[in-house]
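Annotated features in Swiss-Prot:
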| type | residues | note |
| --- | --- | --- |
| DOMAIN | 123-501 | domain 'Protein kinase' |
| BINDING | 129, 130, 131, 132, 133, 134, 135, 136, 137, 152 | ATP binding site |
| ACT_SITE | 287 | active site, proton acceptor |
| TRANSMEM | 496-516 | transmembrane segment |
| TRANSMEM | 519-539 | transmembrane segment |
């Protein structure tokens, strides 16, 4: 490690000890190295003993800076790995840091766009509208259309900082996994690797721009979700230009109520938007925390969600969607046997899983949940309990399902914050049942034919020629198979002949040796010559 890395590592350990995070390392499971290191830093004491562990962890990550803040935010979504007293405080982490100089931001943008901003924009505000750990946002107007826009720019020199801290994270994860057998269950190395991929993806604004364009296209003309327009001509790896929006933050309940918003409809539309993204589009916004969701102030009786920051999205394939929908329906019908079978059929758990034991484990965990009224049941926590139970049966982490679970918890939390009586199951069940009918019912056949009609219309004129070519190739294939079979039979005959000749030759050579011992020299010589001759004939048969 370089001196700079050692200095940073010492600072990280010092902050962790000042917040008493060594409580996370139980003494009876530690190897000698971590114990020795802790004792060697005896002068660093817990400065916040009155605060609970989860809050101390949150404050420590906040102090360590943006890379660790985002890591904590990701940890808060992994409720399959971390208990509520750890995950809940981490969900409160705020990704807010001091802005960097606006003139420097302008220089970064001009470098990325290849010219002065005045060529394309007017009224550029040197004061940032918002600032986060990865990027900063400024406002301006498009010169050609006078439309208000926001320019998002990646912080300069952020990449070396991220690379350095990620390298330390990987080292620390390997140390923790090696020092504590119990920690291996949390898969620290895999968690850091997953975080690294997510964080590095956020450094490329082309990805976010493409995601926003796709999501906007999916909801074009919708009354439920609005995604601001992105201007790809002015967007690249480090700069993204998009439409400026004015809205009420979804967590501003007083502001929404003062605007006369239909809170029940707004909450139900949040659920509808989620299930539409997942089951209709297989492409969903996976970072829908309150900071990224606004509500249009116009037409409060017919409220519309606004989705920002599409840096993290999730996708599901058709098989995952079908299994997920069937799981939800089976769960709320309390058909735990079907839930267990679906997990095996989907490959989420090993094929040799004992279905009876798996069913019983699911029943024990989930039956108490359904003792409550349906309107009080958390859809997200049902999914969380299911995944936690499945992990005991060696279910591998499914990244797409982790993102789905996180998003569902966000949407459900927002929905019940807006309208506490929200019955998510009542809202979602008709959607799921209709989707299942469209997938496996008569309508599915109609949809399949409709989707494939252009392909068959294009191929229909070619069918006679394709049929003729197929018959012709089939005949040629039969002829080749006959020739191969004849060659195979000939080869087997030659091998049999070779084995026979070799056996005769071996017998004659043995006889020659016996005759020499009994003083029949002439017969011995004749027998030996004959044996060698048969061996040569055998070798020739094999060669052919």
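The backbone N, Cα and C atoms fix where each Cβ goes, glycine too.
Counting only same-chain residues 6+ beyond the ends of the transmembrane segment (519-539), those with a CB under 8 A from a CB of the stretch are 498-502, 504-509, 511-513. Cα separation, residue 131 (ATP binding site) to the residue listed as 'active site, proton acceptor', rounded: 17 Å.
With a threshold of 8 Å between CB atoms, the same-chain residues lying at least 6 positions outside the transmembrane segment (496-516) that come near it are 523-525, 527-528, 530-535, 537-539, 541-542.
Sparsest Cβ environment among the binding-site residues 135, 137 (other Cβ atoms counted within 10 Å): 137. Cα of residue 137 (ATP binding site) to Cα of the residue listed as 'active site, proton acceptor': a span of 18 Å. The average pLDDT for the domain 'Protein kinase' (123-501) in the predicted structure is 82. The distance from the Cα of residue 133 (ATP binding site) to the Cα of residue 287 (active site, proton acceptor) comes to 16 Å. Residues listed for ATP, 129, 130, 131, 132, 133, 134, 135, 136, 137, 152, cover a largest CA to CA span of 14 Å.
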